[in-house]
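Engineer: According to TrEMBL, the feature transmembrane segment maps to 6-27, 36-54, 66-86, 98-119, 131-152, 172-190, 202-222, 234-260, 266-288, 295-316.
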């Protein structure tokens, strides 16, 4: 193993601040970040990564490679819930299996942002249009998860929820995170170099510091959620790590087939291996209220997210460097 990749990631300030947040909870510190500040930090990160991605798209243009990559990302997001649901149904009911499957088919924008900071640190470039891939991968898994729930709930005699499909689609495709990422990306693409010059002090120079504060809060939240997951046992704990690893392997195969660069391949792997803890839980509360949030939220936030930002990202990079 290339130990330097792991050390480089573990000694990255944002990752260390994540562990500082976890340590604060374990030490019973009264450290707290107000919800309003956390929301502001989240909005900033989504805006900054979207704007920078749009600027990069302005420089590269819309090519066949871009279209193929975006379609690959959408397909990847849509197929993961199917086999995830099949595995989960061996231990869980229809509602919980569908909600968790949607969680792992969707993505974590913060994991993507952390991976971008990692690539910046190790000096590897990636294409800005992958921000669009990130935004496009968030919604298909939500739709597939709800479709699985509605398809199989009848066979269990569960009437489930009858929420309106129009409301579900609106929530999946126009939720705040997706809307802000896509909107910022469009603005970045339209304004090009002029827009980047004007906003660079805000979108670039402040980025790492804001990410550190946000991950500090994520560490606080993740540590508090760990106790909720103990009720799920070893099966869900193992699933939270092994499925992302399998998804990353599937993504690297697809990345090789479509000829992505080293940085782009890593980012596609990170997207495939991540799990949503913001958009999907919000949608599941509407569409699958019978699902237990104390399962799918801690799985993604307290296990998969820390694993990815500490060991996963350098592990995926090591695999890409070996194959490319």
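Any Cβ shown, glycine's included, is placed from N, Cα and C.
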Engineer: Do at least three CB pairs under 8 A connect the transmembrane segment (131-152) and the transmembrane segment (36-54), leaving out pairs fewer than 6 apart in sequence?
Structural biologist: yes
Engineer: Could you check if the transmembrane segment (202-222) is in contact with the transmembrane segment (98-119), meaning 3+ Cβ pairs under 8 Å among residue pairs at least 6 apart in sequence?
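Structural biologist: Touching, yes - the transmembrane segment (202-222) and the transmembrane segment (98-119) meet the threshold of 3 or more Cβ pairs under 8 Å.
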Engineer: Rank 66-86, 172-190, 234-260 by Cβ pairs under 8 Å to the transmembrane segment (266-288) and hand me the top one.
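Structural biologist: It is 234-260 that shares the most Cβ pairs under 8 Å with the transmembrane segment (266-288).
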Engineer: Take the C-beta pairs under 8 A between the transmembrane segment (66-86) and each of 6-27, 98-119, 131-152, 234-260. Which stretch has the highest count?
Structural biologist: 131-152
